[in-house]
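S.K.: Dumping what TrEMBL says about this protein:
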DOMAIN    6-304  domain 'Acyltransferase 3'
TRANSMEM  5-24  transmembrane segment
TRANSMEM  36-59  transmembrane segment
TRANSMEM  71-87  transmembrane segment
TRANSMEM  93-122  transmembrane segment
TRANSMEM  129-149  transmembrane segment
TRANSMEM  169-189  transmembrane segment
TRANSMEM  201-219  transmembrane segment
TRANSMEM  231-247  transmembrane segment
TRANSMEM  259-279  transmembrane segment
TRANSMEM  285-305  transmembrane segment
């Protein structure tokens with residue numbers, strides 16, 4: 001399986017977007033700028049990460065034991081690394097079980113991806129058109145739950161307390177969020193969409209959908225509740241087009257180890273935000289910048305460690 005340098009470089013940008021989402025205080029920047037960046041454009045980060053994972057999963061779907069083993073070890077390792085943070089809190093039995101099976105903070109992505117991959121293994125022989133219908137249906141359900149929470153749509157009135165209490169879990173989960181994009185990434189590879197797109201220029205469509213994404217975020221601002229905007233309508237058509245455009249680009253050379261840098265930024269950033277924020281009296285914007293730089297330097301160090309110690313491949 002050959003790595004794509006363009007994709008790996010873009011993943012570093014996406015990882016920095018995730019850091020900004022988690023680290024920037026909305027009170028410190030202009031509201032319009034915050035809506036245009038953190039609440040809209042930066043929301044492409046997680047779906048694109050998932051698309052990439054689904055795309056490469058195509059190569060291992062029929063011999064997937066090592067893939068699941070690696071992601072599971074990755075999850076357990078980073079849960080333990082972050083134990084000093086989550087052990088500070090008190091949990092009910094249900095809350096503790098949620099922590100174990102869903103993950104601490106940003107680590108929710110790993111078990112969600114494992115569940116999505118397991119579902120895809122079961123459905124891998126389903127017709128691609130039917131899969132696309134399933135993707136749209138599942139994403140629409142998650143989107144409806146999130147929209148219902150923000151706008152208190154009448155159809156959700158009876159369940160609004162439940163939705164308000166568990167909005168993140170009900171909409172941003174493996175079934176309604178991760179699986180649709182993971183499956184799309186798989187289909188892009190399986191059906192050779194890059195070859196079908198050929199030399200067609202996707203940029204006008206990408207720009208139009210980006211404008212739509214920003215407008216949707218502004219529309220959300222009129223809701224009565226301020227919530228995480230993980231599911232946005234325009235993400236579903238936009239992110240696959242961005243991914244296809246990236247796949248069409250040819251890199252002059254390969255650097256397979258570069259993917260470690262984006263992983264380092266993603267896994268280290270919560271710890272670094274917490275650590276640096278404890279003694280640096282600076283704006284959250286600069287805190288995010290320092291975190292990205294430091295986490296990237298850790299990634300470069302990990303590249304050298306992986307060359308010497310083979311077991312490092314399981315934790316980055």
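Glycine is treated like the rest: Cβ placed from N, Cα and C.
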S.K.: With contact taken as 3 or more Cβ pairs under 8 angstroms (pairs 6 or more apart in sequence), are the transmembrane segment (231-247) and the transmembrane segment (259-279) in contact?
M.R.: no
S.K.: What stretch of 5-24, 36-59, 71-87, 93-122, 259-279 shows the most Cβ pairs under 8 Å to the transmembrane segment (201-219)?
M.R.: 36-59
S.K.: Could you tell me the mean pLDDT the prediction assigns to the domain 'Acyltransferase 3' (6-304)?
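M.R.: Mean pLDDT across the domain 'Acyltransferase 3' (6-304) comes out at 89.
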S.K.: With CB pairs under 8 Å as the measure, which of the listed stretches 5-24, 36-59, 129-149, 285-305 comes out on top against the transmembrane segment (93-122)?
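M.R.: Going through each listed stretch, the top one turns out to be 36-59.
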S.K.: Mind checking which residues reach the transmembrane segment (169-189)? Cβ under 8 Å, same chain, six or more beyond either end.
M.R.: 46-47, 50-59, 61, 98, 102, 108-109, 111-113, 115-117, 119-120, 123-124, 128, 131-132, 134-136, 138-139, 141-143, 145-146, 149, 162-163, 228, 230-231, 236, 239-240, 243-244, 247
S.K.: Should anything in the same chain at least six residues away from the transmembrane segment (71-87) have a Cβ under 8 Å from its Cβ atoms, list it; otherwise answer none.
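M.R.: For the transmembrane segment (71-87), the nonlocal Cβ contacts are 99-100, 103-105, 107, 110-111, 113-114, 117, 267, 270-271, 274, 314-316.
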S.K.: Any chance you could find the range in 129-149, 259-279, 285-305 with the most Cβ pairs under 8 Å to the transmembrane segment (5-24)?
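M.R.: Looking at each of 129-149, 259-279, 285-305 in turn, the most contacts to the transmembrane segment (5-24) are made by 259-279.
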